[in-house]
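Going by TrEMBL, these are the annotated features:
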- 17-388: domain 'Amino acid transporter transmembrane' (DOMAIN)
- 21-41: transmembrane segment (TRANSMEM)
- 47-67: transmembrane segment (TRANSMEM)
- 93-113: transmembrane segment (TRANSMEM)
- 133-150: transmembrane segment (TRANSMEM)
- 159-180: transmembrane segment (TRANSMEM)
- 210-229: transmembrane segment (TRANSMEM)
- 250-274: transmembrane segment (TRANSMEM)
- 294-319: transmembrane segment (TRANSMEM)
- 339-361: transmembrane segment (TRANSMEM)
- 367-386: transmembrane segment (TRANSMEM)
- 447-465: transmembrane segment (TRANSMEM)
Amino acid sequence: MKVKFDQPLQLDMDKKQTAQTTVTLLSQMLGACLLSCSFIIAKLGWVLAVFAFTFSVGYDLFVYNYLVKTSCYTQAQSYRQLTERALSKKLSVVLEISIIISYFSYLTAYIIISSSSITIFIKNVIGYDANKYIVKAILSTCIIFPLCLLKSLQQLSKIAAIAGIAIFTFSISIFVYFFIHVGSKTLCVTKDTQQPITYGLQAFPSVSPFMAFLYFIMYIPLLQGNFTLHNIIPPMVQELTGTPIMRQKIVSVSVVISALLAVLLYITIGILGASMFGKDIKDNILTAFAPCKWLWVDILSLIYAFVTIIAYPLVLYPIKVSITCLCKKDPYTQNGYRFQVLITAICLILNCALAMAFEAIVAICGLFSSLAGIVSYFIIPIWIVVKYPKIKQDNELINTTIADSVKSSTESSVYSEKLEVSTVQVDERVQEKVEVVISNGRKTGGIVAIIFFAFTCGVGVYMNGADVIKAFAT
């Protein structure tokens, strides 16, 4: 059945979907990462940092273009399904394991951020110096664990929508504090030590050129996590309304807009934050504000704590389901639910233990991003780019339908129903075509890119691992 729309109504629907998709993708990229971008810029120097952020978002936009197209051709509902249909089933299992590992670091960071914010609020507002280990233990067992036991997370998802308000408020606050104190070049005088926190930002790190190069390399895998949309692109392409080509266009445009807005905000907030604190910058900028004892920042820290507490069960849920499915259990049965409770307890214990050992969120996230990101950020996306001509041909029937939809939408502005194609039909059409041969140049380029990013991940593991050990020792 075909439904006709007037051209103005069609354009309004496209604009509305593009705006909604852009906001969704932007909220996916922003969040707790905003708290650490100032530390990264201070450590790299603003010149190398801007180049690192630009390089990261440029690479992501390149591979996302192919992920969007491949999602449309394969009609995959998830990143794993996309990998299975485009590459191989075994590689999709490896991908899922790597995603679980990378998400583990984010869960640990949530506990560190929320507990630190609560501890600072209690100290600065109430005047009580709470034990940070006890705060983490109570937070994990009495608040986060019960939230993770909820079978329906719909209400938590609605509450988590305030994260956008917290991010917006935080960003505006950084702007306001920077311009209020930029004239005096002193952010504040600490209440306890009476030492001034002065402005300062270096263009390059104060280390040898070789170490500066290693610093640049080590943060590339970490920055990929700031812009990651790999998991949300496939379902987003399928859930929008309209012809396949229109859905592809909406997601492609939204990805570009959201990524550019995200990198602009990261660089701007990062430079302002790094400039305000100079040598006193912390890997969590809200922690760096603590010595100033400003009530507004303490309240903002508490709001961020609330947001990260709500985010924990939302991020953990797909991990629980994935592990349950990998263990050949049905996650939607009573036995499956009990197994998920066990997974929740194990993850929470490990996250809490890691958070108690050290609070270096940049080093922790950088280490896990380097360990797991080689698969999810680099190998799979790059190999999808390499095999894209063959993927396109193997889904020739869907590709033909997309071409027809372009003609239909151009001539008569018609939105057709989404096409469902059986595997048998696709195979019959593919057999009639001449097999596409991937050129040696394309393969060589992909292999060289994978080797380069494998090197960045190796450096990231070594450098961030050293920072983690150093933080543990202190």
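Every residue, even glycine, has its Cβ placed from backbone N, Cα and C.
In TrEMBL, annotation is done automatically, which means it is predicted and not curated.
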Answer with yes or no whether the transmembrane segment (93-113) touches the transmembrane segment (339-361) by the criterion of at least three Cβ pairs under 8 A, sequence separation 6 or more.
yes
So, taking each listed stretch (21-41, 159-180, 250-274, 294-319, 447-465) in turn and counting its Cβ pairs to the transmembrane segment (133-150) that are under 8 angstroms, which one gives the highest count?
294-319
Chain residues outside the transmembrane segment (294-319) and at least six past its termini with a C-beta under 8 angstroms from it:
31-32, 35, 100, 103-104, 106-107, 110-111, 113-118, 120-121, 124-125, 139, 143-144, 147-148, 150, 153, 156-157, 159-160, 162-163, 166, 169-170, 173, 188, 286, 343-344, 347
State the non-local partners of the transmembrane segment (210-229) in its own chain: residues 6+ outside its ends, Cβ under 8 Å from one of its Cβ atoms.
25, 28-29, 33, 37, 40, 43-45, 48, 51-53, 55-57, 59-60, 64, 102, 106, 204, 255, 258-259, 262-263, 266, 362, 365-366, 369-370, 373-374, 377, 453, 455-457, 459-460, 462-464
Under 8 Å, at least three CB pairs between the transmembrane segment (21-41) and the transmembrane segment (367-386) (pairs 6 or more apart)?
no
